Amino acid sequence: MWRSLGLALALCLLPSGGTESQDQSSLCKQPPAWSIRDQDPMLNSNGSVTVVALLQASUYLCILQASKLEDLRVKLKKEGYSNISYIVVNHQGISSRLKYTHLKNKVSEHIPVYQQEENQTDVWTLLNGSKDDFLIYDRCGRLVYHLGLPFSFLTFPYVEEAIKIAYCEKKCGNCSLTTLKDEDFCKRVSLATVDKTVETPSPHYHHEHHHNHGHQHLGSSELSENQQPGAPNAPTHPAPPGLHHHHKHKGQHRQGHPENRDMPASEDLQDLQKKLCRKRCINQLLCKLPTDSELAPRSUCCHCRHLIFEKTGSAITUQCKENLPSLCSUQGLRAEENITESCQURLPPAAUQISQQLIPTEASASURUKNQAKKUEUPSN
């Protein structure tokens with residue numbers, strides 16, 4: 001709950017939406033008029049909070065984003081955030097147009113996916129957006145947030161929190177299109193938040209101690225040599241001011257984008273990169289061990305002390321900096337997020353050992369971590 005409050009507070013304090021390509025003058029203003037064929041999606045969504053996702057059908061990560069957007073829609077609806085319009089605009093390129101149907105099939109009929117015409121004015125350009133950007137508008141069509149990578153990853157809570165703020169807070173002033181039903185709902189949400197804040201004791205910030213370990217933050221020199229902050233093939237948007245306030249990170253901004261916009265502090269960026277890499281239970285790992293090794297029946301949850309973040313195209317790779325022990329080398333893959341991680345195998349919890357039923361004589365053993373059931377959790381970094 002405190003994590004959610006921290007995110008909400010950080011987003012409330014934003015003077016900008018979190019993307020270097022966004023001109024601050026566009027905030028709290030309606031976007032340039034755009035249409036696809038004979039449809040005007042923004043006009044059709046007047047009176048509701050509107051979420052515009054710029055996704056590319058030829059991009060594997062964008063396909064995953066579309067699937068997660070559908071999950072987010074269902075989640076928010078169950079929580080009572082029902083007056084939201086979702087719009088996906090596919091890239092204009094030929095490869096994306098050919099895979100339009102694949103992108104459309106990843107969402108329900110409640111999320112329209114628009115395919116741009118080859119010769120029309122590019123909607124992405126009109127909106128000053130890039131691949132995987134999320135633009136969030138209030139009920140009067142005014143831009144509240146423009147989130148870009150890595151903050152637009154739906155594995156992070158930033159897009160969800162930004163939608164909730166646009167839904168219940170008047171970031172751009174009053175809107176005459178807000179219904180009494182929505183106002184009543186937001187009042188209940190506000191009261192519930194206050195009640196939880198009063199009832200919940202002050203948290204002990206164990207994570208601050210956690211960050212003091214030497215392996216938690218990597219210097220900028222440990223990034224891939226091929227990764228240039230602001231390179232066209234691997235854009236990294238700057239951290240919106242205050243977005244990481246609850247982590248108490250401080251640092252000077254560095255310049256790296258051609259437009260000379262502020263880039264995030266090194267610690268903030270590294271922390272985000274670790275969040276991308278660190279997944280408590282990787283779905284399936286194969287631990288290659290000698291048949292006579294005592295470790296053979298014990299492994300498969302993994303831990304790496306020093307992660308190096310790399311982004312190549314649509315792939316996100318997390319690798320161990322140190323050499324892995326000769327008796328235990330693992331390679332895991334999260335297929336649904338295209339994240340590869342090298343790791344060290346660790347002894348999993350007893351419940352996990354029992355459920356794995358591994359055979360000691362096998363040269364290799366595989367296990368599946370039941371993270372959702374909370375029966376098998378991998379050691380965190």
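Just so you know, glycine gets a Cβ as well, placed from its N, Cα and C.
Quick caveat, the model's predicted, so the values are computed rather than measured.
Among the features that Swiss-Prot reports, signal peptide is placed at 1-19.
For Asn46 (among others), the entry in Swiss-Prot reads N-linked glycosylation site. Annotation note: Asn46 (N-linked glycosylation site) sits in a coil segment as assigned by DSSP.
In the three-state DSSP reading, Asn83 (N-linked glycosylation site) counts as coil. Within 10 Å of the C-beta atom of Asn83 (N-linked glycosylation site) sit 18 other C-beta atoms, taking all shown protein chains into account. According to Swiss-Prot, the N-linked glycosylation site annotation covers Asn83 (among others), on the basis of experimental evidence.
Taken from Swiss-Prot, the feature N-linked glycosylation site covers Asn119 (among others). There are 6 other CB atoms within 10 A of the CB of Asn119 (N-linked glycosylation site), with all protein chains counted. Under DSSP, Asn119 (N-linked glycosylation site) is assigned to coil, being neither helix nor strand in the three-state scheme.
In the structure as shown, the Cβ atom of Asn128 (N-linked glycosylation site) sits within 10 Å of 16 other Cβ atoms. Residues annotated as N-linked glycosylation site in Swiss-Prot: Asn128 (among others).
Annotated N-linked glycosylation site per Swiss-Prot: Asn174 (among others), in sequence order. Taking a C-beta cut-off of under 8 angstroms and a sequence separation of 6 or more, Asn174 (N-linked glycosylation site) has no same-chain neighbours. DSSP gives Asn174 (N-linked glycosylation site) a coil state; it is part of no helix or strand.
Per Swiss-Prot, region 'Disordered' is recorded for 200-268 (among others).
Swiss-Prot lists 204-216 (among others) with the feature compositional bias 'Basic residues'.
Residues or ranges marked as compositional bias 'Polar residues' by Swiss-Prot: 218-230.
The compositional bias 'Basic residues' feature in Swiss-Prot is assigned to 243-255 (among others).
The phosphoserine feature in Swiss-Prot is assigned to Ser266; the stated evidence is a large-scale study or a structure entry.
Marked as N-linked glycosylation site by Swiss-Prot: Asn338 (among others).
Residues or ranges marked as region 'Disordered' in Swiss-Prot: 355-381 (among others).
Here the candidates are the glycosylation sites Asn46, Asn83, Asn119. The one whose C-alpha lies nearest to that of Asn128 (N-linked glycosylation site) is Asn119. Cβ environment of Asn46 (N-linked glycosylation site): Arg139, Cys140, Gly141, Leu177 lie under 8 Å away, each six or more residues apart in the same chain.
Note: the Cα of Asn83 (N-linked glycosylation site) and the Cα of Asn119 (N-linked glycosylation site) are spaced 33 Å from each other.
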